[in-house]
Every structure is written in C-alpha cells, then in structure tokens.
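Engineer: Below is the structure I would like to discuss, written out as structure tokens.
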Amino acid sequence: MPVMRLFPCFLQLLAGLALPAVPPQQWALSAGNGSSEVEVVPFQEVWGRSYCRALERLVDVVSEYPSEVEHMFSPSCVSLLRCTGCCGDENLHCVPVETANVTMQLLKIRSGDRPSYVELTFSQHVRCECRHSPGRQSPDMPGDFRADAPSFLPPRRSLPMLFRMEWGCALTGSQSAVWPSSPVPEEIPRMHPGRNGKKQQRKPLREKMKPERCGDAVPRR
C-alpha cells in the first residue's frame, strides 16, 4: 500500500519535468512588470498633444445634413478631421483656417423603399489656429469680453480692472493710477438698514474711492 501512496507524487514529478524551462530573462521581465513605477510623460509631449490641431473625430451624418433627419444612414456617423485642443490664452479659441471637402459613400435607408448607396460631401478641417472668436473682442477693454456687455463690468481675470471697480483707479506698470472715464454718481442716495434696524443713507461713491491706495492719482481728461 505504500507504493500506491507514492504513485500520485511520482505523476506530479513527471508533469513538472515535462514543463518547458523558463529563462532568467523572462523572470526579470515579469518582476519589472510587477513594479509600481509609472512612466511620467514630459511636459513638452503633453503640450504638443493638447495644443490646437486637427484630429480625427466621429461626426453624426444628420448633424451635417439636418434635412435628411427622416432617413437613416449606415453608418450613422463618419470620421472627419476637426479642429480641437487648447490654446495658450483663455481668450483664444481653436478655429479652422483651411478646409477641404471629402466625398463618402453611405447606405441610405428610406422607409418603405429598398436601401440605396448615396454619395455625401463633408467638410474637413485641414489647418487650425488659435484666434479670437468673432463678437468677443472689445477695443476698450482687453480680455474675454462681449461687445454687447455693459461697460462697467470688468473682464474676466483682469486684476487692474478689479482695482478700478474697487478703488476708482487702475494700476499700471509705473504704479500710477488713472481715474475711470465713466461718470461716477454723486447724488444718488441709497438707503440700507443700519445696525439698529433704521435705514441709513450711504455716502456718495466718490467719497469711498481712495486713489492714494493705488499711488499718485492722475485724472483722466
């Protein structure tokens, strides 16, 4: 009976000897794959991949041909080159400056009729650039600013304009201040509740402005 107990062990030994030997190079490769180190993509490569350029994008056929919405196409979307990506300035947008037409053959399916092949022309973006969007530039105030917006609103992320709204002056490179050209209301009383619950009259806006906090005030004529 001891022979019967050793027989399964003998079979396992034979199976282990029949397996191919693993070279030490594969051991090192397996150990390297199991490490926790992650490759870091350098900044230049990240910037190049994310910058404004024409990339392949899937576009719905119906979005390019709205009049064909009652029909079905196969495939329902096509691969086109479209401008996408980031710009170095938040006021700039990735827009196409050169386009080209491409004609594709699709299967058009009509209700009640047999499917038929049709040729549709699509526009592809060839060259892209970062430019200002039309209708968002203002000759008086730089930055991301709409032309139809009120003139007293500061542009986004414009620190000098925030100083102008708060203190009545705008900081410049020479640390001087310039009074705003828009008229400042002086005789418009506004009532607001005081600490004791009674309404109190606010001081004129010009009295709150302290140009000495921004430097030597230079009145604008």
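Start at 1 and count along the chain as shown; that gives each residue its number.
Using N, Cα and C of the backbone, Cβ positions are placed for all residues, glycine too.
Quick paste of what Swiss-Prot says about this protein:
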COMPBIAS  192-203  compositional bias 'Basic residues'
COMPBIAS  204-221  compositional bias 'Basic and acidic residues'
DISULFID  Cys52-Cys94  disulfide bond
DISULFID  Cys83-Cys128  disulfide bond
DISULFID  Cys87-Cys130  disulfide bond
CARBOHYD  Asn33  N-linked glycosylation site
CARBOHYD  Asn101  N-linked glycosylation site
REGION    175-221  region 'Disordered'
REGION    193-213  region 'Heparin-binding'
SIGNAL    1-18  signal peptide
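Just tell me what is around each of these and how deep it sits.
Structural biologist: Note: Cys94 (disulfide bond) has non-local neighbours Cys52, Arg53, Cys83, Thr84, Gly85, Cys86, Cys87, Cys128, Glu129, Cys130, i.e. same-chain residues 6+ apart with C-beta under 8 A of its own C-beta.
Around the Cβ of Cys83 (disulfide bond), a 10 Å sphere holds 21 further Cβ atoms from the protein chains shown.
Its own atom aside, the Cβ of Cys130 (disulfide bond) has 17 Cβ atoms within 10 angstroms in the protein chains shown.
The Cβ of Asn101 (N-linked glycosylation site) lies under 8 Å from the Cβ of Thr121, Phe122, Ser123, Gln124, each on the same chain and at least six residues away in sequence.
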Engineer: Tally every other Cβ atom lying within 10 Å of the Cβ atom of Cys87 (disulfide bond).
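Structural biologist: A count of 16.
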Engineer: Averaged across the region 'Heparin-binding' (193-213), what pLDDT does the model get? Just tell me the whole number, please.
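Structural biologist: Computed over the region 'Heparin-binding' (193-213), the mean pLDDT is 51 on the 0 to 100 scale.
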Engineer: Note down the number of other Cβ atoms within 10 Å of the Cβ of Cys128 (disulfide bond), including every protein chain shown.
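Structural biologist: By my count, 21.
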